[in-house]
Amino acid sequence: MTISPPESGEKDKKILESPVKADPRPIDFAKLDKPGFWSSKLSKGPKTTTWIWNLHADAHDFDVHTGDAEEATRKIFSAHFGHLAVIFIWMSAAFFHGARFSNYSGWLADPTHVKPGAQQVWAIVGQEMLNGDLGANYNGIQISSGVFHMWRAWGITNESELMALAIGAVVMAALMLHAGIFHYHKAAPKMEWFQDVESMMNHHLAGLLGLGSLAWAGHTIHIGAPTAALLDAIDAGSPLIINGKEIATIADIPMPHQLCDPQIVGQIFPGLASGTGNFFSLNWFAFSDFLTFKGGLNPVTGSLWMTDIAHHHLAIAVLFIIAGHMYRTNYGIGHSMKEILDAHQGDPILFPAPRGHQGLFDFMAESRHAQLSVNLALLGSLSIIISHHMYAMPPYPYIATDYMTVLGLFTHHMWIGGLFIVGAGAHAGIAMVRDYDPAKHIDNVLDRVLKARDALISHLNWVCMWLGFHSFGLYIHNDTMRALGRPQDMFSDKAIQLQPIFAQWIQNIQSSGVGTTLLEGNGVSQVFNGETISVGGKVAMTGIPLGTADLMIHHIHAFQIHVTVLILLKGVLYARSSRLIPDKASLGFRFPCDGPGRGGTCQVSSWDHVFLALFWMYNCLSIVIFHFSWKMQSDVWGLTGGNFAQSAITINGWLRDFLWAQAAQVLTSYGQSISMYGLMFLGAHFIWAFSLMFLFSGRGYWQELFESIVWAHNKLKVAPTIQPRALSITQGRAVGVTHFLVGGIATTWAFFHARLFGIG
C-alpha cells in the first residue's frame, strides 16, 4: 500500500535542511585556457589531428570527466541553466527583430493581405533582390516561424511591447547564466537532493506545469482574450465600443494595465467584472463568457477561440496542481515511487517476472542516461503529437492560412520528435553499458525482457519484412498496372478500393460524439466534420478525406517506423552482449570492431545502431512530411487540383506530380526574391553529397593518401607539427551522418519554402 505511514525515522531525514554544499569547486580560470582540461591526455594538447575529434566527442560526456556521479549530476544541472540562457537570448533576438526590423504593426492591421517579415537585407553587393514586397510598403524577407501569429494571441499590439520583452529576455538570460555558475561553484546541490525524486515530481507537477499553466491562464484571461476580442471585432468590421469610444484601430486598444481595470474589461467580458464572489459561491457560470467550451475554429481568424484556450489552461493548471500533491515527502502521506514499483507485478501469463519491477526505481534514480532516455522518448512522441495538433487545431490567429508556416511547424516538430526518439535509443544504450548492473536485476521485468530479446527482435524483424514487402508491393503493383494501361486493375478509390475504414471511423466518432458527452461542446474541429472555414479567401480548415492513397502511404509509414524501432531496440537489448560478442559491455558504448583477428564484428556497437537508426528516421520522416505537404496542398488548401488520391498511388506519381512538379518554384527561383532558396537547394545537395565521401570510403584509404601528402610536405620541409591522422571509423561515420542529415533537411527546407512562397 503506497499511502502507508512512513517508516520509523523517515520524517527525521535532514536532507532539506542542508540541500547544498557551499563552495565545492572554486572558479579556476586557468582551466578555461586549457582545452580538454578534464583529461590528462587531452590537456597535453594535440600531437595528431585526432585530438580535436576526441575533444568534440568527450567535451559533454561528463561520465568520463570524473568517476563521481554527484559531480557529473551537478554539471548536468548547471548546464541546464546555460541552456535556458541560450533559449532566452534566442527569444530576445526574435523579440528584438520584431521590434526593430519587422512589419508587425502592418501585419496586425491587415493580416490577410500583408505577409510577415522581420529582416531586411542590406544592399551591399546587390542582394537587395531578396527583399520581397510583403505589402503595406514593406520590403523584406518573408518569415514562416509563426511568431507574428503567436504574438497576436498573446495580446501584443505594438513594437514597444516587443522591445520590452527583448530587454526582459536578456535580463533573464543573465540571471540564468549567473544561476548556472552559482549552483556549480558557490552552492552546489548534494546527491541526496538530486535523488529526492518525490519532491522533484511534486515541484515539477505543481510548480512548473500547474502554476505555470495557471499563470498563463491568468495572462490569457486578463490580457490575451480581451485584446483578441477587440482585434477580432476590428478585423470583422464591427468594432466594439468602450466608454463610448469605438475601438476602430489598433491604436485605440487600451493598454494591458488598463485591461486589468474591471470597469473597462467588463465591457468586453462582463464576467471579468463580476468579482470573486461568484467563484467562492460556486456560481461559476458567471465566468462562461471568458471561459468557454465552444469547440471548432473562430471564423474570423481561422484559429481556436482564445476563450477556449484560456479555459484549457485553467483546467490543466487545476489537474497538475492536484497531481503535485501526489507523492510522499515531509508529511508521511501520499505515494512512494519505490513502493509502487517494488510492489508492481506483471500479468502472470504474459509477463511472469517473479520479481516484477523491483530494482527499476534504483536504476532510474541512479542512472542519468536511463532518465534521459525515458524523457527523450516521451518528449519526442509529444513533439510528434504537437505537429499534428498544430494544423488540425491551429492555436494562433491567422496561422492556418499562412500555409508555409503550417508546413514549417509540422516539419519542425516532426524532425525534433524523430531526433529525440533516436536520442532515447542512444541514451538507453549508454545506460545499459555504463549503469546497468546484472546482479541487481535478477528475474525482474528488465532482466526478463533481456532474456527474451531474441524472440522480440526476430518477431519485430518479421513484422518489418511483412510491412515492407506488402506496402511496397502495393506500389509496385500499381506502377506495373498503370504502365501496362490497366487502371481498372489498380488499387485506387476508382478501382480496387483499400479504404482506411478504422481511420474513417475515428474521424466520424469525433463529429457524431458532439452533444453526447458529459462536457457538451458547441462544435467540433472542422478537420473532422467536413465544414470549410475560409479567411481572406483562403481555406483555413476543411474536412480531410482519407482514401486508398492514404492507406498505402500509411503502411509505408508503419514499415519505416518499425524498422527504426527495430534498429534502436536491437542496439539497446544487445548493448552489453550478444552471441557474436559476449563481452560487448567491456568494449563500451562505441567501438569500431571487436579487435584484430575477428572479422565480421564491425558496426555492432550500440553507437552504430544509433548511427544506422538516424538514416531510417530521416527517410521515415521525409515520407511523412512529403505526405503531409502534398495532402494539404491537394485536399485542404486547393493548390494542386485534388490530384493526391490518383497520383499518390504510384511511385511514378510521387516522383512526377510531387517532387518534380512542385520543385518548379525552387528550380526557377533565380532572379526573384526567393532566389536564396534556389542557392540553398543546390548548396544543401552539395553538403548531402559530401557526406557520401565519409560514408562510402574506409579509414585506410584516407590514411594511405595522407602518408603520400605528408611525404610531399616533408620533401618541401613544410611538414606540420601536428601529425595528420585519418578519421577513425566511428568519427568518419559521425561526420558522414551529420552532413547527410543537415544536407537533407536543408534541401527539404528550400524545396518547401520556395514552393509555397513562390506560388504566393
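Quick reminder: no glycine exception, Cβ is built from N, Cα and C everywhere.
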Point to revise | 201-225, 226-250 - the one Swiss-Prot records as transmembrane segment | key: 201-225
**Study point:** Tertiary contacts of the transmembrane segment (455-477) (same chain, 6+ residues out, Cβ under 8 Å)
**Key:** 449, 490-491, 498, 552, 555-556, 558-559, 562-563, 565-566, 569-570, 573, 649-651
Review point. What stretch of 162-185, 368-391, 609-630, 674-696 shows the most Cβ pairs under 8 Å to the transmembrane segment (734-754)?
Key: 674-696
Revision key, fill the gap. Contact set of the transmembrane segment (201-225) with the rest of its chain, CB cutoff 8 A exclusive, min separation 6+ beyond the ends, reads 153-155, 256, 259-260, 265, 269, 272, 290-291, 306-307, 309-310, 313-314, 316-327, 329, 337
Check your understanding: Counting only pairs 6 or more apart in sequence, are there at least 3 Cβ pairs under 8 Å between the transmembrane segment (407-433) and the transmembrane segment (609-630)?
Key -> yes
Revision key, fill the gap. Among CYS593, CYS602, HIS685, TRP702, i.e. the binding-site residues, the one with its Cα nearest that of MET693 (divinyl chlorophyll a binding site) is TRP702
Review point. Taking the binding-site residues one at a time (TYR701, TRP702), which has its Cβ surrounded by the most other Cβ atoms within 10 Å?
Key: TRP702
Review point. What parts of the chain pack near the transmembrane segment (551-569), using Cβ distances under 8 Å and only residues at least 6 beyond its ends?
Key: 421-422, 424-425, 428, 456-457, 460-461, 463-464, 467-468, 470-472, 474-475, 491, 498-500, 503, 609-610, 612-613, 616-617, 619-620, 623-624, 627, 648-649
